[in-house]
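Read the structure below first, then the notes.
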Amino acid sequence: MNKEKAIVVFSGGQDSTTCLFWAKKKYKEVIAVSFDYNQKHKLELECAKDICKKYNIEHKILDLNLLNQLAPNSLTRQDITVDKSAPKEGVPNSFVDGRNLLFLSFVAVFAKQRGINAIITGVSQSDFSGYPDCRDVFIKSLNVTLNLAMDYEFEILTPLMWINKAETWKMAYDLGVLDIVKEETLTCYNGIKADGCGECPACKLRKKGYLEFEKEYLK
């Protein structure tokens, strides 16, 4: 198994950016892979490009427009607004069916072609917003499936799986990239960089985590 190279599934948001710099500390060579699925806010791809260019990280953008055709929701359609709060039942309307399944599957194909075993993704079960494809059981099962499907030893790593948003901010702080994550990323479901709109579930979770981080760790 190649212990010197890794691929990061990279959206340009808080979690994947934190994972990107975590990977840079751990591996000699890191490749960031982003996906263009004709998402509503293309600014996230621009953020991903800018971060990789600025910090000299190899970046690959894969075309996955088919996902947009199959999964209409508030992140892929201009006429569907993002719910301001999580529904009492079911998944939020920002959930893109199959997204992490397809992202990780295509990244695995790319990784095998490059002789890379480690795949890093920023999913978290602690703050998973009701998304079923952010759960540890899904990641573990997909890891086994990909290994069997391609007769290859992939290792899907999830540095944020069991930590909350405050602890994710703390990780960025410990890595020395707090300002990068705070100012250069896009987490907002309404496509606003840095602190975002302040109203969507992603912004609320990000802000709540930062305030908890400040209170707990920046005394």
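Just so it is clear, glycine is given a Cβ too, placed from its N, Cα and C backbone atoms.
Since the structure is predicted, the reported quantities are computational estimates derived from the model, not experimental observations.
Site annotation for Zn(2+) in Swiss-Prot covers Cys197, Cys200, Cys203, and the matching candidate from Cys134, Cys188 is Cys188. Here the CA atom of Cys188 (Zn(2+) binding site) lies 16 Å from the CA atom of Thr18 (ATP binding site). Summary: among the binding-site residues (Leu20, Cys188, Cys197, Cys200, Cys203), the fewest other C-beta atoms within 10 A of the C-beta are counted at Cys197. Within 10 Å of the Cβ of Thr18 (ATP binding site) there are 25 other Cβ atoms, across all protein chains.
All protein chains considered, the CB of Phe10 (ATP binding site) has 32 other CB atoms within 10 Å.
Of all the binding-site residues in the record (Cys188, Cys197, Cys200, Cys203), the one with the smallest CA separation from Phe10 (ATP binding site) is Cys188.
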